[in-house]
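Okay, so Swiss-Prot annotates it like this:
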BINDING   Gly10, Arg71, Ser72, Gly101, Asp102, Gly103, Ser104  ATP binding site
BINDING   Asp102  Mg(2+) binding site
BINDING   Thr125, Ile126, Asp127, Arg162, Met169, Gly170, Arg171, Glu223, Arg244, His250, Val251, Gln252, Arg253  substrate binding site
ACT_SITE  Asp127  active site, proton acceptor
BINDING   Arg154, Gly185, Ala186, Glu187  ADP binding site
Amino acid sequence: MRIGLVCSGGDCAGMNPATKKFVEYSLELGYEPYFIREGLEGLIEGKIEPATLKEVSGILHKGGTILQSSRSKRFFDPAFRLQAYQNLQRHSIEALVTLGGDGSFRAMEVLAKEHSLLYAGIPATIDNDIRASDYALGVDSALNVILESTDRLRDTAESFRRAFVVEVMGRDCGYLALASAIACGAEVCIIPEMGYSLQSLGARLKEELGTGKRRYVLAIVSEGAKASSEVVSWLKEEVGIETRITILGHVQRGGSPSVYDRLMGFRFMQKALDSLSLGKSGVVVLREGRVEFLSSQEASSAPASLPLDMVRLASRLMF
């Protein structure tokens, strides 16, 4: 069987370790691995080629993806999906592994249903917003970037008796903000899934700053909460502390993958290929420490939620 690998949507650390495992394990199973370059746009344009061990040698430490990625509006046009499938047919590719997020998985599901194609989706997004999975590739590496940045900002905040508002990525999911706020010892955490009370937070912070218990404030705000400017104004005008804002942006996606992301890349890919070899299509997920393979329907119907124990840990940072 010939199997293709495509990276779709936003890049993240962990994609390259998964890519290396794709080639090595496919060959071990007796399959022929193929690379699709430049994401779904590359699939439409026919940028498909045989994958070799030489290409994946020495890529474990590299961030992003050696295959390159893209976002493709054209893929939602049936005519372009047919073109993509015909490109797969030219290479006799019977199955696809997709590294990406929910949008990429939905696109693959449509293509698979239209043309009886096997596919396996592997969560790869720093947003960690795949409903059925506790984890997506890139999250741990992104958190390490955030932690390094907040540790540095804390140094300068304490030196000048300032507040820093740090906006982190995550779209509509507050996992990155929640986890990093707990881990870096932030005083404020604002995420889209939870309400917050600046009034009660302000009373506590003013008391601590006024009595000398605290010299600085670190606030972590998820981009999806759309509250960074509000928090900056509140800290300046209500709490009464000089405030700066830092938007970390795409730096969170880059850099060498962490040990955990490398291991999860291997585990996710092995499960994906094992499932395809059994004729199954669906999505690889991590649930309660176990790597599982779910049908697309099971994966999409799972409720969206943050870990309750983490929410409890951070409750003092919101109210």
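Cβ atoms here come from the backbone N, Cα and C positions, even for glycine.
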Determine the most Cβ-crowded residue among the binding-site residues Gly101, Gly185, using a 10 Å radius around each Cβ and all protein chains in the structure.
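In terms of Cβ crowding, the pick is Gly101.
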Quick one: which residues besides Arg154, Gly185, Ala186, Glu187 have a Cβ within 8 Å of the ADP site's Cβ centroid, in sequence order?
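In sequence order, the nearby non-listed residues are Thr150, Ala181, Cys184, Val217, Leu218, Ile220.
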For the binding-site residues listed here (Asp127, Glu187), tell me which residue's CB has the most neighbouring CB atoms inside 10 Å.
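The residue with the densest Cβ neighbourhood is Asp127.
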Quick one: among the binding-site residues Ser72, Thr125, which has the most Cβ atoms sitting within 10 Å of its own Cβ?
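When each Cβ's neighbours within 10 Å are tallied, Thr125 tops the list.
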Out of Gly10, Gly103, give me whichever of these binding-site residues has the highest number of other Cβ atoms within 10 Å.
Gly10
For the ATP site given as Gly10, Arg71, Ser72, Gly101, Asp102, Gly103, Ser104, which other residues of the same chain have their Cβ within 8 Å of the site's Cβ centre?
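The answer, listed by sequence position, is Ser8, Gly9, Gly100, Ala107, Thr125.
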Secondary structure at Asp102 (ATP binding site) (DSSP, helix/strand/coil)?
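Once the DSSP labels are grouped into three classes, Asp102 (ATP binding site) ends up as helix.
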Do me a favour and check the Cα-Cα span between Thr125 (substrate binding site) and Glu187 (ADP binding site); whole Å is fine.
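For Thr125 (substrate binding site) versus Glu187 (ADP binding site), the Cα atoms are 27 Å apart.
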